[in-house]
């Protein structure tokens, strides 16, 4: 469906839970956050109903996120349900990778096409400092499993944090020469309770790119990678993978935004950084028809803003795991 700014909205990101088995320093406080009661979170069947309605108005790509989506009980069943919808041509997953290896084969059989891993360090000790949990070896095993199953393109999402992992950017770049992996450096976003901390540790993508070019020389920009995202991709000479940058803060990509976000408790957000939400949980539980749900989704698309205004300050106290990354 085309919105008011001539953007084709064809991509729905679904947060299936606000729970997570890690406690990343930029995402939530050490004690975690107040969890949404299970009764308030949509069932897998309700998520599938939303997908069916959304597909009627042009949604073609689905990404399952969290929290950590793989902690959701019976999550494989949701992939199976979505894959039966012939209008959906791409089903992807964003995960921290802790549980992925043991579920990977079942997920692929259920319809998973590709996977993104959140991995902010290649050093187990630094990884533990960032996640407050560790389990680096589990994550690395999951990445290897995704490559083995050819869930291409396999992407690594690296949140760039000054003083934490900025000394590892070259190591991530070298990784793309060794294996067919696509590393994306993501600018730290000032979201939720971690807002002041994030502002002080921000690194612009341009600074990262400049540092890599000083080390490796000019990077090739004639690169395309499968996906619906906003990353700009580069590659090192003779590399098997690519290096990408997601510049949500320094150079927003709102003009090309093609997505909606559905929170675990059934609120549809036209913009991740906006305040407006459209309630789908209530009509779902009141027996709304597929057509009625599609009308609500259409309304949300009509209200999608031209761009975010995060530079004016983040006023939502919820953290990313609660909204859906």
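Positions of Cβ are set from backbone N, Cα and C atoms, glycine also.
Features of the protein shown, as given by Swiss-Prot:
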type    : residues                       : note
BINDING : 13, 63, 94, 155, 259, 260, 261 : GTP binding site
BINDING : 20, 24, 27                     : [4Fe-4S] cluster 1 binding site
BINDING : 26, 67, 118, 189               : S-adenosyl-L-methionine binding site
BINDING : 254, 257, 271                  : [4Fe-4S] cluster 2 binding site
DOMAIN  : 4-219                          : domain 'Radical SAM core'
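What Swiss-Prot annotates, mapped onto the structure for a quick look.
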| residue | record | contacts (Cβ under 8 Å, 6+ apart) |
| --- | --- | --- |
| 24 | [4Fe-4S] cluster 1 binding site | 118, 120, 130, 131, 132, 159 |
| 63 | GTP binding site | 11, 12, 13, 14, 91, 92, 93, 94 |
| 155 | GTP binding site | 114, 115, 116, 117, 181, 182, 183, 184, 225, 227, 244 |
| 254 | [4Fe-4S] cluster 2 binding site | 305, 306, 307, 308 |
| 257 | [4Fe-4S] cluster 2 binding site | 7, 230, 271, 304 |
Give the mean pLDDT for the domain 'Radical SAM core' (4-219) on the 0 to 100 scale. 95
To the nearest whole angstrom, what is the C-alpha distance linking residue 67 (S-adenosyl-L-methionine binding site) and residue 260 (GTP binding site)? 17
Look up residue 254 ([4Fe-4S] cluster 2 binding site) in the DSSP assignment and report helix, strand or coil. helix
Cβ density check for residue 27 ([4Fe-4S] cluster 1 binding site), other Cβ within 10 Å (all protein chains) comes to 24
How many neighbouring Cβ atoms, not counting its own, are there within 10 Å of the Cβ of residue 189 (S-adenosyl-L-methionine binding site)? 21
Pairwise CA distance, residue 189 (S-adenosyl-L-methionine binding site) versus residue 259 (GTP binding site), rounded so that it is a whole Å: 18
Helix, strand or coil at residue 67 (S-adenosyl-L-methionine binding site) [DSSP, three-state]: coil
